[in-house]
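Working notes, structure below.
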Amino acid sequence: MAKDIKFSEDARRSMLNGVSKLADTVKVTLGPRGRNVVLEKSYGSPLITNDGVTIAKEIELENRFENMGAQLVSEVASKTNDIAGDGTTTATVLAQSIVSEGLKNVTSGANPLGIRRGIEQATQKAVEELQNISTPVESKEAIVQVGEVSSGSKQVGQYIADAMDKVGNDGVITIEDSQGIDTELDVVEGMQFDRGYLSQYMVTDNEKMEADLDSPYILITDKKISNIQDILPLLEQVVQESKPLLIIADDIDGEALPTLVLNKIRGTFNVVATKAPGFGDRRKAMLEDIAVLTGATVITEDLGLELKDATMDSLGKANKVTVDKDNTTIVEGAGDSTAIEDRVQLIKNQVAETTSDFDREKLQERLAKLAGGVAVIKVGAATETEQKELKLRIEDALNAARAGVEEGMVSGGGTALVNVINKVAELDADDDAITGVNIVLRALEEPVRQISENAGFEGSVIIEKLKSEKLGIGFNAATGQWVNMVDAGIVDPTKVVRSALQNAASISALLLSTEAVIADRPDESGNDAGAGAQGMDPSMMGGGMM
């Protein structure tokens with residue numbers, strides 16, 4: 001396919017137009033008085049949202065050169081969302097400012113590589129100062145504050161804080177749709193994995209269709225159980241103890257499953273069997289997690305163990321186990337606390353070392369199951385549109401709260417970025433780099449300026465007054481008052497602010513040093529080839545409908 005090429009000023013100007021179109025759309029949502037944006041959906045009702053990354057991902061411009069600029073800023077938002085889970089609009093505003101101011105200087109003859117060097121130096125200094133003024137997020141009240149600022153709702157902040165209080169900072173917190181109009185928090189204590197009972201005849205509660213086991217023994221193996229004789233000696237010992245038994249195995253088939261069910265129905269013993277969670281190597285790791293949690297030994301060939309070798313010492317214990325058709329929940333496993341802590345640390349090390357997003361996600365799930373319970377926030381609303389919008393806000397609040405716990409918090413509303421300006425201005429940079437430093441100094445003001453203007457105030461006036469205030473004093477755009485931001489509960493996670501600045505600076509510096517841009521040339525009709533294919537007559541497709 002033929003290509004169009006643009007060079008130097010023409011190339012950068014086209015990309016700036018795209019950057020501005022996306023950023024101007026996103027930045028209207030910033031702050032407590034930010035507006036919403038309505039997104040058309042191909043099916044269902046439109047989505048009304050003020051979530052920056054959701055808006056950015058929807059934008060695709062007709063002009064290919066402008067679209068490249070827009071997609072670069074969209075990447076800033078996405079990267080910030082991936083790292084910190086929030087701060088996407090702030091990152092977009094910072095990127096627009098750096099690109100816009102940078103292009104003015106490049107057009108005036110400044111050295112793009114010198115500007116890039118200055119941007120990197122100023123960003124590094126700003127990040128250092130943000131970390132210096134950061135305070136830890138340790139109390140439940142602080143988590144409420146972080147969640148409230150992110151979502152714009154104190155109630156949402158309370159849900160997040162309650163959930164983290166129940167399951168721990170590393171615990172699993174999921175966000176689901178509620179069938180009612182009220183939002184509620186449901187906490188599942190202990191470890192849960194997505195495998196249910198192998199036979200409905202194993203249930204003990206016919207109304208809930210659940211099997212409840214009190215103080216059960218737990219047999220864990222990665223083997224398939226086909227012959228009941230393999231575990232018969234062990235079953236006889238469990239019967240003598242008059243305790244229920246949970247069997248977690250690769251599978252149970254042949255004569256083994258009917259025999260277990262028959263003895264359960266006759267009342268010989270109370271047993272529930274379930275398949276092992278996960279697949280392949282991940283299954284082995286998850287079985288070992290369960291074993292550590294319950295104090296069991298995994299019956300596996302890796303350890304040279306056979307099912308017939310299993311003894312009562314091989315079994316784990318728990319205070320309670322609940323099994324339904326889809327899930328198994330183990331509450332208060334009897335594993336050694338030191339062994340559990342060592343296992344948690346091992347998984348944390350694996351999370352830090354892995355380069356695969358998928359592996360990292362699965363490792364974090366395992367970590368959460370070991371480190372805490374499972375909390376479910378069920379989001380209710382009067383309409384589907386409202387429910388979608390609320391879910392996005394709760395997701396942002398949850399991510400912000402976790403980021404706050406991880407790296408602490410700073411004054412919110414863009415105040416912290418203005419607070420570090422004086423330290424960044426002290427940088428000793430050469431003539432080319434000082435231009436880049438000044439570009440970052442200007443960008444650090446932009447979030448406060450945009451928040452103020454969205455609330456109907458003059459941004460430049462607010463910034464000048466803010467620069468003369470003591471550390472921690474800032475402008476509450478919701479009320480129009482000057483307050484101690486932390487005392488007023490207006491805080492941002494340090495990780496969110498840091499990630500927004502670093503990602504914005506990184507992409508913007510690269511864009512400023514761009515000298516040529518290459519894009520596919522549209523076809524003769526003025527449409528993209530891809531767009532033209534969408535209107536193809538169904539009769540031209542190779543075959544009719546079946």
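Glycine too: its Cβ is placed from the backbone N, Cα and C atoms.
Now, the feature entries from Swiss-Prot:
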BINDING   Thr29, Leu30, Gly31, Pro32, Asp86, Gly87, Thr88, Thr89, Thr90, Gly413, Asn476, Ala477, Ala478, Asp492  ATP binding site
REGION    521-546  region 'Disordered'
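Sequence features, as recorded in Swiss-Prot, placed on the structure.
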{"residue": "Thr29", "record": "ATP binding site", "Cβ contacts under 8 Å, 6 or more apart": "Arg35, Asn36, Val37, Thr49, Asn50, Asp51, Gly52, Ile55, Thr89"}
{"residue": "Gly31", "record": "ATP binding site", "Cβ contacts under 8 Å, 6 or more apart": "Gly413, Gln450, Ile451, Ser452, Asn454, Ala455, Ala477"}
{"residue": "Asp86", "record": "ATP binding site", "Cβ contacts under 8 Å, 6 or more apart": "Thr80, Ser150, Asp396, Ala397, Asn399, Ala400, Ala403, Pro493, Val496"}
{"residue": "Thr88", "record": "ATP binding site", "Cβ contacts under 8 Å, 6 or more apart": "Val26, Asp51, Gly52, Val53, Ala56, Ala77, Ser78, Thr80, Asn81, Ala500"}
{"residue": "Thr90", "record": "ATP binding site", "Cβ contacts under 8 Å, 6 or more apart": "Leu30, Gly52, Thr80, Gly414, Pro447, Val496, Val497, Ala500"}
{"residue": "Asn476", "record": "ATP binding site", "Cβ contacts under 8 Å, 6 or more apart": "Pro32, Gly413, Trp482, Val483, Met485, Ala488, Ile490"}
{"residue": "Ala478", "record": "ATP binding site", "Cβ contacts under 8 Å, 6 or more apart": "Pro32, Arg33, Ala455"}
Three-state secondary structure, which DSSP defines for Gly31 (ATP binding site): coil
